[in-house]
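Report on the following structure.
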Amino acid sequence: MKLVYLVLGAVALLLLGGPDSVLSSSSGNLHTFVGCAVREFTFMAKKPGCRGLRITTDACWGRCETWEKPILEPPYIEAYHRVCTYNETRQVTVKLPNCAPGVDPFYTYPMAVRCDCGACSTATTECETI
């Protein structure tokens, strides 16, 4: 019964404030948020022979459930690692300013449409291990 009230409360919050109110920029929500969401991101697009251009786009952001536990048989550990990764993207092309003659002024980058927690894929995500 308590789960029903929790779900109804979340739906009411979404209806009253929209999805941005749930994942707002207030530090409290961002520090406790577990999951993967599309969020605004700003970076400097650069290319040799052109001036840089500050771009604001959508990117994937979040924390996903991950755990490891020891087991008695090799490899002696069971691991479950998920990362916030791109599920769907759209390619966006912009024209960089003041490019030198002969330099292609166009710069293409991915914009996140949908993000999910999943296994890290080097095709869409920079996967690093320590």
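Each residue, glycine too, has its Cβ placed from N, Cα and C.
The feature disulfide bond is assigned by Swiss-Prot to C36-C84 (among others), with similarity to another entry given as support. DSSP assigns C36 (disulfide bond) to a strand.
The annotation disulfide bond is assigned in Swiss-Prot to C50-C99 (among others). The Cβ of C99 (disulfide bond) has 17 other Cβ atoms within 10 Å, all protein chains considered.
The Cβ neighbour count for C60 (disulfide bond), using a 10 Å radius and every protein chain shown, is 23. If you look up Swiss-Prot, you'll see C60-C115 (among others) marked as disulfide bond.
Taken from Swiss-Prot, the feature disulfide bond applies to C64-C117 (among others). Of all the Cβ atoms in the protein chains shown, 18 others lie within 10 Å of the Cβ of C117 (disulfide bond).
Summarising the annotation, Swiss-Prot assigns disulfide bond to C120-C127 (among others). When Cβ atoms from all protein chains are considered, those within 10 Å of C120 (disulfide bond) total 16, not counting its own.
Summarising the annotation, Swiss-Prot assigns N-linked glycosylation site to N87. The Cβ of N87 (N-linked glycosylation site) has 15 neighbouring Cβ atoms from other residues within 10 Å, across all protein chains displayed.
Summarising the annotation, Swiss-Prot assigns signal peptide to 1-24 and lists sequence analysis as the type of evidence.
Sorting the disulfide-bonded residues C36, C64, C84 by the number of other Cβ atoms within 10 Å puts C36 first. Counting other C-beta atoms within 10 Å of each candidate's C-beta, the disulfide-bonded residues C50, C115 are led by C115.
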